[in-house]
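Taken straight from Swiss-Prot:
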BINDING   His18, Ser19, Lys20, Ser21, Tyr41, Arg45, Arg171, Tyr248  (2E,6E)-farnesyl diphosphate 1 binding site
BINDING   Arg45, Gln165  (2E,6E)-farnesyl diphosphate 2 binding site
BINDING   Asp48, Asp52  Mg(2+) 1 binding site
BINDING   Asn168, Asp172  Mg(2+) 2 binding site
Amino acid sequence: MTMMDMNFKYCHKIMKKHSKSFSYAFDLLPEDQRKAVWAIYAVCRKIDDSIDVYGDIQFLNQIKEDIQSIEKYPYEHHHFQSDRRIMMALQHVAQHKNIAFQSFYNLIDTVYKDQHFTMFETDAELFGYCYGVAGTVGEVLTPILSDHETHQTYDVARRLGESLQLINILRDVGEDFENERIYFSKQRLKQYEVDIAEVYQNGVNNHYIDLWEYYAAIAEKDFRDVMDQIKVFSIEAQPIIELAARIYIEILDEVRQASYTLHERVFVYKRKKAKLFHEINSKYHRI
């Protein structure tokens, strides 16, 4: 195993640890594509964790500077400051793919702002946040998952990322509240007459369910729109993207089956993932 292979393996371990659903799906890509996904996921994970886990603004700055070095001089040797193995893997990808570096910087800017979290006044602010933390990831992955990047391809990948982030929010309402964060907008909380603290203490009520389902309907519509346009991605990537998205959309039904609880984090069981795999495999005849 070469040093570069070890770098990619390290990135893969990060992906498997933090997103079993993504790993389950994207590990089915051809080797070069899946390695690129591992590297990009690992970079995005480190960006997210720099503040949330490590509380280290200097580390986030180092990540940004390392990415800028790769963008400016992709073929030169660099003394990376943040995580050398991840950055070497990213540099290798950048030498072969047209990376949307600005999307990395948009993600970093969102993480900077997230240090001083305040509740969103409107849904527009919430959806802007979903773009910043996840739509950006869709954009960065676009050259890996498509043969020819077009405006439509970037748009579909962006919308998929935003939809998955909204599903994350719907899954983690209780956990986020425990961390003093409420991502639903004040506008919508007022409209549906919901107080998250009251729901957390006293249990789910119809007002909360209606609010939750309002946002779930948005995520489900975006999912359907992405599936309708899935052919913008490469033939190899289409079944993989559909599998990842189908696994994620199942989270919403798991929350429903758990009675919308704020005190338990739901997940999609391996048996369900395997069933989805076989359904999509039959559809495409090729995974």
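Even glycines carry a Cβ here, placed using N, Cα and C.
Locations of recorded Swiss-Prot features on the structure.
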residue: His18; record: (2E,6E)-farnesyl diphosphate 1 binding site; Cβ neighbours (10 Å): 15
residue: Ser19; record: (2E,6E)-farnesyl diphosphate 1 binding site; Cβ neighbours (10 Å): 17
residue: Lys20; record: (2E,6E)-farnesyl diphosphate 1 binding site; Cβ neighbours (10 Å): 15
residue: Ser21; record: (2E,6E)-farnesyl diphosphate 1 binding site; Cβ neighbours (10 Å): 19
residue: Tyr41; record: (2E,6E)-farnesyl diphosphate 1 binding site; Cβ neighbours (10 Å): 24
residue: Arg45; record: (2E,6E)-farnesyl diphosphate 1 binding site; Cβ neighbours (10 Å): 20
residue: Asp48; record: Mg(2+) 1 binding site; Cβ neighbours (10 Å): 18
residue: Asp52; record: Mg(2+) 1 binding site; Cβ neighbours (10 Å): 12
residue: Asn168; record: Mg(2+) 2 binding site; Cβ neighbours (10 Å): 17
residue: Arg171; record: (2E,6E)-farnesyl diphosphate 1 binding site; Cβ neighbours (10 Å): 19
Using only the Cα atoms of His18, Ser19, Lys20, Ser21, Tyr41, Arg45, Arg171, Tyr248, which the record gives as binding (2E,6E)-farnesyl diphosphate 1, return the largest interatomic distance in Å, rounded to a whole number.
-> 21
Going by C-beta under 8 A and a gap of 6 or more residues, the same-chain neighbours of Gln165 ((2E,6E)-farnesyl diphosphate 2 binding site) are Tyr129, Cys130, Val133, Ala134, Gly135
Rounded to the nearest angstrom, how far is the Cα of His18 ((2E,6E)-farnesyl diphosphate 1 binding site) from the Cα of Asp48 (Mg(2+) 1 binding site)?
-> 11
Ranking the binding-site residues Asp172, Tyr248 by other Cβ atoms within 10 Å, which is at the bottom?
-> Asp172
Residue pair Arg45 ((2E,6E)-farnesyl diphosphate 1 binding site), Asp52 (Mg(2+) 1 binding site) - Cα distance, angstrom, rounded = 10
C-alpha spacing of Asn168 (Mg(2+) 2 binding site) relative to His18 ((2E,6E)-farnesyl diphosphate 1 binding site), in angstrom | 13
If one measures from the C-alpha of Ser21 ((2E,6E)-farnesyl diphosphate 1 binding site) to the C-alpha of Asn168 (Mg(2+) 2 binding site), what distance in angstrom results, rounded to a whole number?
-> 12
Reduce the DSSP letter at Ser19 ((2E,6E)-farnesyl diphosphate 1 binding site) to three states and note it down.
-> coil
